[in-house]
Amino acid sequence: MTEESEETVLYIEHRYVCSECNQLYGSLEEVLMHQNSHVPQQHFELVGVADPGVTVATDTASGTGLYQTLVQESQYQCLECGQLLMSPSQLLEHQELHLKMMAPQEAVPAEPSPKAPPLSSSTIHYECVDCKALFASQELWLNHRQTHLRATPTKAPAPVVLGSPVVLGPPVGQARVAVEHSYRKAEEGGEGATVPSAAATTTEVVTEVELLLYKCSECSQLFQLPADFLEHQATHFPAPVPESQEPALQQEVQASSPAEVPVSQPDPLPASDHSYELRNGEAIGRDRRGRRARRNNSGEAGGAATQELFCSACDQLFLSPHQLQQHLRSHREGVFKCPLCSRVFPSPSSLDQHLGDHSSESHFLCVDCGLAFGTEALLLAHRRAHTPNPLHSCPCGKTFVNLTKFLYHRRTHGVGGVPLPTTPVPPEEPVIGFPEPAPAETGEPEAPEPPVSEETSAGPAAPGTYRCLLCSREFGKALQLTRHQRFVHRLERRHKCSICGKMFKKKSHVRNHLRTHTGERPFPCPDCSKPFNSPANLARHRLTHTGERPYRCGDCGKAFTQSSTLRQHRLVHAQHFPYRCQECGVRFHRPYRLLMHRYHHTGEYPYKCRECPRSFLLRRLLEVHQLVVHAGRQPHRCPSCGAAFPSSLRLREHRCAAAAAQAPRRFECGTCGKKVGSAARLQAHEAAHAAAGPGEVLAKEPPAPRAPRATRAPVASPAALGSTATASPAAPARRRGLECSECKKLFSTETSLQVHRRIHTGERPYPCPDCGKAFRQSTHLKDHRRLHTGERPFACEVCGKAFAISMRLAEHRRIHTGERPYSCPDCGKSYRSFSNLWKHRKTHQQQHQAAVRQQLAEAEAAVGLAVMETAVEALPLVEAIEIYPLAEAEGVQISG
């Protein structure tokens, strides 16, 4: 009796493609590990019949056992015939033989199936999927398979024999691949066991498995072949790159023809879609046309594949019947429109997938950081932040994350994927039809516009370059210039944020802006681990670690990290202050400074505490307030300036001006010997020498007291100041441009002059919201508000005493050092603070005023005594009558 044989079919779940060898993997982790090492260590299973003496798991139905032999890591197995090879190069050459034999050959009548020798129960036998004949060796099996291929060169691949109904799942994007050939066990009945022929084999239930491995990201259609997938993708892009030949095979394999293949070599089978893509352009065209013909009509000849597919309703041309069916369904059922964004989709499945994006459902999880994304495309774009190199690299130097764009780009190269010597593709040339990636997408910071000098802006553009007429930037291609003028100088903002309604010029800017609403910060700093929402902000932040300031002012030498900050700084040199406060008239050269200034007039600050009615100008002050007052914890303070921060990370980011002032001054002026703390200040100081002239010398400013504070003391008379009131004739004052009309004092900026004028006008535009006391400057109000909050951020490092104002700490330090820098010019007595000197100077003023009053009184008494002595003398009657009115007018009493 012939025992019913078992069929074992191996299913492999594939979802991801390796960009180097086109190997398919079932998970993203596997393809990433494979691409890092690119050592094709693949494990497949061979199913055979166990020896009688081997203990194996028995099948309850047949009682026979199956064993599984794993392929060693140093061996490579062909997925077509199961042959084991020792190196990747041998595997490639072996698979090339399969591909070369796929070409249609002359029709040869099918040879009768040779009678196989008696089968042994301890060996693996190979079954023909067409006639069910069994063979003991691969050579006999492949030779027999070749007879079927010669007889029907355009016949569709034989369906896979399945013992049970096939259930394809999971759904979209995860196809199951059935290996074409299966291994059957031989009968163990006796010596007379014969091999069943094609006629004697009973008809079994067969199921054809359609392999749909490639999914279009635009319309969600599935395709079986990469070529069909790429042709379909070309319909979505305006200017696809024309097809060219794929990387060719090795020269010795190309030179050989199918007739020259030795008989001992295994004959080819139709290559599975998960094998290496090693076909040349001609073989691809033949195979694609044959497969299309088989899909259209399995009984027609191959010439039917070239029939053009037109829609009868709109006369639109399609590349495949699948696309035509999708299009016809849109005529019957209509299109599917999203109710939220009005986007149109060709199928309900693509609309459902799109609605999942609106519902913020995240099905794709990043294995590195745990972030979830709604689509696989967003996940792959996110993984660029974790991988130093993109997933797909080309020998010409370009890298791609999208597989479709990489395959399109690879077609532009010649044989072997090497750039053509006649028309090399530069690495920076963008592919036509794909937009240039934005800075937030590529991870590279957007290069701010460098300062353009008059010489470069006035000169003509270099040959082969294109210059923008608005900003004088030069580009190597006209397409880059057009894109620059469109996105940089265009005032229209078409892209709107769906949450807050803010408009943007680019979609990438909207995506970066949306992260401010979601709180996502997927780009951490490798130095301090602070996360950012865009690569451009990360690159700008990293300049704080490196200390690099690439944008330098040509007037004063001050350097900046951003070109926008440099442009605003130039307004200071140009004395251009376009932003004026309507309350007090103070002008600013930056709009945000005017905004911060106006908060002091209203008394309402933007950051309000939820637990108390207090409000603050800065978020940092609010966080410190909540930490100290409501949480009862101590903040992190800067040891140099005493500023408080809610976390140690914010303290490390703090750039202390007091520490910079206390740093040793290493830059010395060669003209006057003055030392400054930076090269920019030295350059500005030398520019002041050049403006003063060769014969003039700049006056050296004393370290303390500062000139603005010393001039605030009202002096009764010039004599009280002595020699300190006049300047030395050998040291003329520094030239300054703005003069006060009241006291003739000079200032360098308009803001300083505006603040000084409040002394004469009595204006105090900064009231305290707690007690109502007003101040002339916002810094005075900030120091005053610490008296209400009880905050004392400035602590003495010697005794630990804390102060609310930094000036009080500086005065307190002189107690420990014994320094008394403020001396009275009248008596020579010295004091630690200027306020004590000011109080002492008042006593001298009072003494001086008392002495003046005494001198005036003595003078008046002397005048009255002289009048009285004159009145004692005897006068004639007429003269006496004339004197009386004069005496009464003078207030002198005449006795007698």
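Every residue gets a Cβ built from N, Cα and C, even glycine.
Listed in Swiss-Prot:
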COMPBIAS  247-257  compositional bias 'Polar residues'
COMPBIAS  707-732  compositional bias 'Low complexity'
MOD_RES   SER113  phosphoserine
MOD_RES   SER164  phosphoserine
MOD_RES   SER298  phosphoserine
MOD_RES   SER717  phosphoserine
MOD_RES   THR724  phosphothreonine
MOD_RES   SER728  phosphoserine
MOD_RES   ARG832  asymmetric dimethylarginine
ZN_FING   76-98  zinc finger
ZN_FING   126-148  zinc finger
ZN_FING   214-236  zinc finger
ZN_FING   309-331  zinc finger
ZN_FING   392-413  zinc finger
ZN_FING   466-489  zinc finger
ZN_FING   523-545  zinc finger
ZN_FING   607-630  zinc finger
ZN_FING   636-659  zinc finger
ZN_FING   667-689  zinc finger
ZN_FING   738-760  zinc finger
ZN_FING   794-816  zinc finger
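Taking Cβ-Cβ distances under 8 Å and a sequence gap of 6 or more within the same chain, the neighbours of ARG832 (asymmetric dimethylarginine) are GLU811, ARG814, ILE815, GLU819, ARG820, PRO821, TYR822. Counting residues per DSSP class in helix, strand and coil order gives 11 helix, 4 strand, 8 coil for the zinc finger (738-760). Put simply, of 76-98, 309-331, 523-545, 738-760, the stretch with the most CB pairs closer than 8 A to the zinc finger (126-148) is 76-98. For the zinc finger (126-148), the predicted model reports an average pLDDT of 74. Sequence-distant contacts of the zinc finger (738-760), counting only residues of its own chain at least 6 positions beyond either end whose CB sits under 8 Å from a CB of the stretch, comprise 572, 575, 577, 584-588, 711-712, 776-777. Taken through DSSP, the zinc finger (309-331) splits into 11 helix, 4 strand, 8 coil.
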